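*Asks:* Right, I'll just put the structure down here and ask away after.
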Amino acid sequence: MTTDTSKTTGENAPTGGRPTMLRAITAAGGLASVASTFLAWTWTSEFPGDLTFNGYPGGLQLLTLVLGLLTTLFALSAMDVRGLGWLTPAGSTQALRLMALGTFATTWFTVIAIAVDLGGLANWEPGAWVAAIAGLIPAVAAFLLPNDARPLKRPAKLPSWAEILIIAAVFAIGLYVVNYGIQTDADDPEPFLGYLIATGFAAAALFKAGVVTRLSALTAKYRSVTLIAALVTAVAFPFTQNKASYTELGVNILVFATVALGLNIVVGLAGLLDLGYVAFLGVGAYTAALVSGAGSSTLDIHLPFWAAVIAGAVVSLIFGVLIGAPTLRLRGDYLAIVTLGFGEIFRIAVLNLDGTSGPSVTNGPNGIPNIPPLEIFGFNFGEDHTVLGHTLDTNANYFLLMLLVTIVVVLVFSRAGNSRIGRAWVAIREDETAATAMGINGFRVKLIAFALGATLAGVAGTVWAHVQSTVVPEQYVFAGPVPPNSTFLLAAVILGGMGTIGGPLLGATLLFLIPKKLEFLQDYQLLAFGIALILLMRFRPEGIIPNRRQQLEYHETGQLDVPDQPQLSGNAVGVTKAEA
Amino acid sequence: MTTTTSPVLNANGVTMRFGGLTAVRSVDLTVNSGEIVGLIGPNGAGKTTFFNCLTGLYVPTEGSVSYKGTVLPPKPHLVTQAGVARTFQNIRLFANMTVLENVLVGRHTRTKEGLWSALLRGPGFKRAEAASKERAMELLEFTGLAHKADHLSRNLPYGEQRKLEIARALASDPGLLLLDEPTAGMNPQETRATEELVFAIRDQGTAVLVIEHDMRFIFNLCDRVAVLVQGQKLIEGTPDVVQSDERVIAAYIGTPFEGAPGQEEAAEVEAAEAQQGTRPSGAPKSTTARTEDGQ
């Protein structure tokens with residue numbers, strides 16, 4: 001890889017003229033794309049987003065605008081324009097190609113969608129022609145550029161307030177991007193598909209440019225600032241929504257992300273393949289439903305929320321230990337089979353505990369509806385509240401409550417993972433024989449992971465029962481088109497990246513949001529899901545946000561793991577790290 | 001450390017049968033504190049099986065193993081906790097953990113912090129983590145790997161991986177260290193460095209039991225050497241005694257014909273080999289070759 005780089009840069013130096021010209025063309029193409037978005041692309045507002053205005057962009061044009069602008073900036077950065085070097089610390093060409101391709105794909109997707117939706121090229125206004133050609137130019141030009149991938153440059157020294165400001169800005173932009181996706185209209189698939197194309201290419205380009213690496217170094221440097229920023233962003237989320245359906249999406253995503261993160265302890269850290277994890281969510285949800293005063297609950301008690309949470313956690317813990325104790329002595333595949341069986345047993349048992357097939361506990365297939373909304377310190381979660389001039393609906397209330405649970409799970413994950421017990425989990429996953437020879441009681445350590453995962457799912461389940469205000473057994477299947485199901489949760493963990501915190505959160509967001517927005521696929525959703533997973537396993541088996549270990553496991557990238565020299569100062573490492 | 005005669009390890013009539021096959025047959029072995037004991041034997045003699053019986057990976061069919069007078073339970077993690085640590089013949093590091101993390105895992109039995117203390121992160125937890133890391137770094141200094149503490153262990157060169165296995169085993173503060181072919185695949189310089197390392201470990205008060213094929217290494221290193229042939233202990237004694245024992249030579253090289261040693265026999269063997277094409281068991285031959293090189 002290193003020889004490759006030096007070779008290309010060697011070629012680059014003498015023939016400086018042509019690449020510079022190509023980059024200039026790319027920049028111009030990007031600008032042309034930007035300009036085209038100020039024209040009308042079609043004549044009728046029937047196409048979603050209303051692209052009929054001259055003078056300002058709208059709908060899908062906005063995506064082309066942003067990508068075109070980014071392409072221009074990247075091209076200028078590649079031309080060594082002062083002040084833009086930070087955009088491409090790890091080489092510009094690959095990033096520029098992806099960005100240009102993203103502009104091209106988004107623009108062409110839009111104009112083709114116009115033609116297909118409205119029936120023919122006759123529906124293109126001149127603006128659409130301009131956009132199509134303007135989108136093509138940078139894509140072609142960028143592909144003629146020589147590769148200039150290089151090792152990451154050392155970042156420029158910035159004052160710390162500026163670095164903190166960058167972190168804040170990144171989170172703000174992140175919130176905006178997520179909101180843009182959530183708030184696209186679910187009735188028409190075009191805006192969301194365009195959004196997916198645009199964000200996908202832009203994210204890949206930023207990654208290739210080295211910006212993502214640089215940012216993660218920055219967030220690692222200011223950990224507490226990053227945590228606060230993440231928290232503020234999450235709290236701000238419900239305040240930036242104006243429709244109940246959006247906050248509902250938000251709270252659902254948060255619940256499943258939290259459950260996926262709990263599963264990540266079991267799968268990602270301890271390496272135990274749990275195919276029935278959703279059952280623990282179900283145990284928690286049913287426990288909460290039974291003790292929270294629902295009319296059809298067979299238990300005539302109404303515990304306060306904190307007691308319901310504890311009950312849900314304890315019952316899930318008991319189930320976790322009951323399932324884990326006999327099976328965790330086994331290795332590998334047996335556990336997967338047994339947990340798969342347990343997941344189904346839970347669902348069928350709940351179906352049958354209806355008073356006719358078995359004792360009356362769960363109302364069978366009818367479930368337990370009308371769980372009364374929560375009330376904590378007089379704050380009724382079922383009512384709208386106006387906070388800071390913004391009305392929080394019931395979903396927003398639960399979102400904020402769920403956020404607390406998420407924070408707890410994140411804390412548990414990071415603290416347990418980075419400790420004696422977490423190292424034992426990873427050791428067991430890496431080599432169980434060697435781990436036991438190092439004095440680790442494999443069974444005990446695995447059982448702790450399994451029970452901890454079950455408990456966290458149970459806690460999330462208690463909140464989820466209230467969010468849904470009803471529990472039915474058919475939600476807790478192994479695989480199905482509607483989350484939660486065990487396959488969905490596992491896929492979220494693997495898609496996002498095993499063993500990381502951000503991975504399952506991102507994975508669950510994508511896996512929940514995409515099917516919700518692409519409902520036109522209907523029965524083909526599962527097919528698309530399967531194809532997507534196969535492609536992911538082929539091209540990025542370590543997940544979108546890999547942890548360092550997985551990344552190295554799947555891709556031999558030479559010296560990637562060699563840490564920066566300043567960190568290596570002998571004995572001091574252990575001490576400083578331990579204190580941090 | 002002070003008394004060099006008290007036994008650390010006492011294996012009594014250890015027998016291991018796999019179905020009809022008896023891999024180890026009533027082997028007695030004693031390792032005293034401050035001693036380096038070697039265990040040699042042709043391939044397939046049952047050395048590693050015997051090791052696995054000692055460390056609880058296998059439950060011996062008959063016989064018992066005791067450490068400092070107490071019988072070891074047949075569970076690997078309890079054996080390690082009792083004070084017997086081991087390395088593996090084929091390196092079994094936690095490949096995707098850093099060098100430091102590998103050693104920290106080795107500290108597992110000597111620390112107690114469970115899930116709650118990890119979640120609550122009290123002062124006790126921080127102190128224990130700091131102490132563990134300090135001890136781990138000490139061991140890495142000791143084995144000369146401190147400068148690579150943050151590397152993934154899979155990226156270490158082969159010789160350093162062997163060293164890291166030793167450091168990881170030492171992290172459990174063992175009274176007895178079992179090394180399963182610590183110099184396999186090493187060049188002469190690395191072998192010499194390992195020799196120094198084992199002496200240093202012994203000087204710190206840890207008794208060492210080592211399986212090895214490299215004869216020069218083992219006879220330089222060990223205070224006593226036991227020879228295992230076909231699952232049975234043939235002889236045990238000082239390197240000089242073992243080296244000159246005819247049965248050992250026979251086990252490794254084969255029995256010479258009466259009155260006609262040397263050239264003639266060698267020629268005969270070669271002829272037989274040429275006729276057969278391949279030997280029925282190629283393994284003892286390789287060991288032989290190495291023995292001759294070594295001496």
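Using the three backbone atoms N, Cα and C, a Cβ is placed for every residue, glycine included.
Found this in TrEMBL, in case it helps:
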TRANSMEM  A:55-76  transmembrane segment
TRANSMEM  A:96-116  transmembrane segment
TRANSMEM  A:128-146  transmembrane segment
TRANSMEM  A:158-180  transmembrane segment
TRANSMEM  A:192-210  transmembrane segment
TRANSMEM  A:222-239  transmembrane segment
TRANSMEM  A:251-270  transmembrane segment
TRANSMEM  A:277-295  transmembrane segment
TRANSMEM  A:301-322  transmembrane segment
TRANSMEM  A:334-353  transmembrane segment
TRANSMEM  A:447-467  transmembrane segment
TRANSMEM  A:487-514  transmembrane segment
REGION    A:559-580  region 'Disordered'
*Asks:* So are the transmembrane segment (A:222-239) and the transmembrane segment (A:158-180) touching or not, going by 3+ C-beta pairs under 8 A with a sequence gap of 6 or more?
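*Replies:* Contact between the transmembrane segment (A:222-239) and the transmembrane segment (A:158-180): present.
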*Asks:* Below 8 angstroms Cβ to Cβ, which residues of this chain, lying six or more residues outside the transmembrane segment (A:128-146), approach it?
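*Replies:* 8, 11-12, 19, 22-23, 25-30, 32-33, 35-37, 39, 41-42, 61, 64, 68, 71, 75, 78, 93, 96-97, 99-101, 103-104, 106-108, 110-111, 114.
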*Asks:* With the transmembrane segment (A:487-514) as the reference, which stretch in A:158-180, A:192-210, A:251-270 has the largest tally of C-beta pairs below 8 Å?
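*Replies:* Stretch with maximum Cβ contacts: A:251-270.
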*Asks:* Sort out the residues at least 6 away from either end of the transmembrane segment (A:158-180), same chain, that have Cβ-Cβ distances under 8 Å to it, and list them.
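*Replies:* Residues 195, 199, 215, 218-219, 221-222, 225-226, 229-230, 232-233, 236-237, 240-241, 509 contact the transmembrane segment (A:158-180) from elsewhere in the chain.
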